[in-house]
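Record features, source TrEMBL:
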type	residues	note
ACT_SITE	315	active site, proton acceptor
ACT_SITE	402	active site, proton donor
BINDING	128, 129, 130, 285, 286, 287, 288, 289, 290, 571, 572, 573	peptide binding site
BINDING	314, 318, 337	Zn(2+) binding site
DOMAIN	478-618	domain 'Peptidase M1 leukotriene A4 hydrolase/aminopeptidase C-terminal'
């Protein structure tokens, strides 16, 4: 076997899949999907074909031309990271049809019962496939190296609707051709069962097509009682059909079209036609997910002052760096996130101004330095290009590929000047669009297009060295310097005056809190909150930064607010520091009891990926 990815069973000697056609029947009572997947290969193949699966039941695999069964094996045990290895025996086949069902334990899917939704009337389900979870929705070569086009027919209860990272083609009643005539010839078995389910009363079919190739982790859908608001000529914002949520989201993201236009000016034409947004329930584990045509967002980015649009700027930037050009595997994740963080800050600078962009850089700089402390016992993961053999990418997810990657590109920009770097970026995107590449490919392209850059910048230290290189750069701006100075004054016992913070919004407070000492006297925490009510902030970035300070200062007055926050949201950016703060360190018996009780009560409201992250924190510290 010649693997292409430490997190996949995909074999480089086998042809890659170019298209997947899915029929998906959603059975909400059992939290399962009964499905078929028609995989089309680059070239006809004879011999074994390796595919990734996790928590799937494979009923049978057929030759789609003759409907004869194809021999297959599924590894007897599940690899803790990579899942189960599905091997199919082919004889000059260029396509295979897989009949399968998902499991309620699918790591990509979160099934929400009605009480877990905003309206508490209908159920809801959504995917989160990055980094290695598409394999728990359908069998595939689940590596970014294998870009695919796809089509999908989703059979859902009539009162619900669906969105996908694909073009919506139709909403209609089920018809016989949905199952392509393949399963109609089966008298018994799974195919017959699926056929009877497909045509049940009260069902509707939503049909989608994605005819641009994407890595499997960008496959996405959501099914629920959805509504939308128009916010621009190519943007709708969707959420559960709750007027308050939809209206707040529409106000927060009203400037989306201006951001798209600024991004096109910087990086070239937007290639995905639509840029729609879906605000998910609070359990969504990330700030945003850059699924093409349909970005998924946490409701915590709706802050009421349009600053949440900066998360949208990041996901928009992915439309060029990440979605058009993709890291070949997760060991080169910085190619996705470092470029996108750089691109995001250029968009923010163009729309919001240099001071706000500098605040972003400053918050990122603090985050990068904190990650050095987090990984001090395993500095491998402070490298941009790192070794992830035997490592779960969810466990080492961090700000390093984002912020160190950004710093590397910012260093190149300073060396050659912004105009030259902008031309380089446009050429880079045009050269590698719809391709998956690695760090070496980028460095070769850089050296070919910026002669002797390796004599000016230590490229090897930046990409393969640990820690923060000496030529990384803290931002410079009057606002940034003022905030850091006020944070330093706090160490001397002085709180900022009200006139000094009168114009501050969430980002200013976040940067201020991030630059305070990790622990102060409990009385100082209480005094700061008494004056500025940070524990009551509607901006979770501010609230969680303050609660981290309260936990590390052993200010137990706020443990009730910590518990409330951990039960309100499932975004890992907040779960990780709050749970870690409670259980990490000596003399934390009371805090550990609190953390375990809160997790036991909140666990079912978290996405499976977030559940795993919290369990990993407990395994290390409890």
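Each Cβ is built from the backbone N, Cα and C atoms, and glycine gets one as well.
Its Cβ placed at the centre, the residue listed as 'active site, proton donor' has 24 other Cβ atoms within 10 Å.
Annotated Zn(2+) site 314, 318, 337; additional same-chain residues within 8 Å of its Cβ mean position, judged by their own Cβ, are 290, 315, 317, 321, 322, 336, 339, 340, 341, 343, 344, 402.
Around the Cβ of residue 286 (peptide binding site), the same chain contributes 128, 296, 298, 571, 572, 573, each under 8 angstroms and 6 or more positions distant in sequence. Note: the CA-CA distance between the residue listed as 'active site, proton donor' and residue 337 (Zn(2+) binding site) rounds to 5 Å. Taking the Cα atom of each, residue 337 (Zn(2+) binding site) and residue 315 (active site, proton acceptor) are about 10 angstrom apart. For residue 290 (peptide binding site), the number of other Cβ atoms no farther than 10 Å from its own Cβ, over all displayed protein chains, is 24. Each residue contributes its Cα atom, and for residue 130 (peptide binding site) and residue 318 (Zn(2+) binding site) these two points are 14 Å apart. Per-residue confidence over the domain 'Peptidase M1 leukotriene A4 hydrolase/aminopeptidase C-terminal' (478-618) averages 95 (mean pLDDT, predicted model). Counting only same-chain residues six or more apart in sequence, the Cβ atoms lying under 8 angstroms from the Cβ of the residue listed as 'active site, proton acceptor' belong to 288, 289, 290, 295, 297. The Cβ neighbour count for residue 128 (peptide binding site), using a 10 Å radius over every protein chain in view, is 24. Sequence-distant neighbours of residue 314 (Zn(2+) binding site) (same chain, 6+ residues apart, CB-CB distance under 8 A): 287, 288, 290, 340, 341, 344. The Cβ of residue 318 (Zn(2+) binding site) has 290, 336, 340 as same-chain neighbours under 8 Å, each 6 or more residues away in sequence.
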